[in-house]
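Under the heading domain 'Cytochrome b5 heme-binding', TrEMBL lists 73-169. If you look up TrEMBL, you'll see 176-212 marked as region 'Disordered'. Per TrEMBL, the feature compositional bias 'Polar residues' maps to 182-194. Under the heading compositional bias 'Basic and acidic residues', TrEMBL lists 197-212.
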Amino acid sequence: MAVEVGSMWETLKEAIVSYTGLSPATFFSALALAIAFYYTVSAFFAPPPPRPRRIEEFEESEPLPPPVQLGEITEEELKVYDGSDPKKPLLMAIKSQIYDVSQSRMFYGPGGPYALFAGKDASRALAKMSFDDKDLTGDISGLGPFELEALQDWEYKFMSKYMKVGTIKKAIPVTEGPIVEGSNTTAEGESSESAVDEAKPKEGITDDSRMD
């Protein structure tokens, strides 16, 4: 057996020298380098191993409930839909029109970049791209043409993406009717004239008739 192995080794060395012109030691060293190079290059182009998925990714997210039409509500009533209660829809208003933005809770919900707009009419803030509390209002008086154009773009975006669910009820100031000067005088005059007319004897009624 040992003789056969030795004979095969000698035959292999002769073949290596004959076909490659290299000594067996040089040939096997070159072969080892080639294999190492192959595995190194393959590691760069091989796809990364699959990332272990978190448990919550397997959990099915609950579907959003259908938008609820609120009709006309006040700004104070709108504040309860700011996302602080996860059981309530997330609402926001532009130009007194209320939209359900629950599907974008990552933006308008608590912790989102636009969370301060939720539960409010943020028309002025959106027009000015402002995050100041004083601009979190639906009052757009005094805005320039570029700001009004920006607000219009926001409104078009909301109209195309979100469901309108109501409007903000505007408080109407109660004012007394104008007092017309002379109205009391006229009324008093009419009363006086009526009293005079009642005091006058009616036509056709004379002392002679009473005597009869």
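Heads up, the Cβ atoms here are built off N, Cα and C, so glycines get one too.
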Notebook entry, point to check: How do the residues of the domain 'Cytochrome b5 heme-binding' (73-169) split into helix, strand and coil according to DSSP?
Noted result: 43 helix, 16 strand, 38 coil
Notebook entry, point to check: Roughly where does the domain 'Cytochrome b5 heme-binding' (73-169) sit in mean pLDDT, to the nearest integer?
Noted result: 94
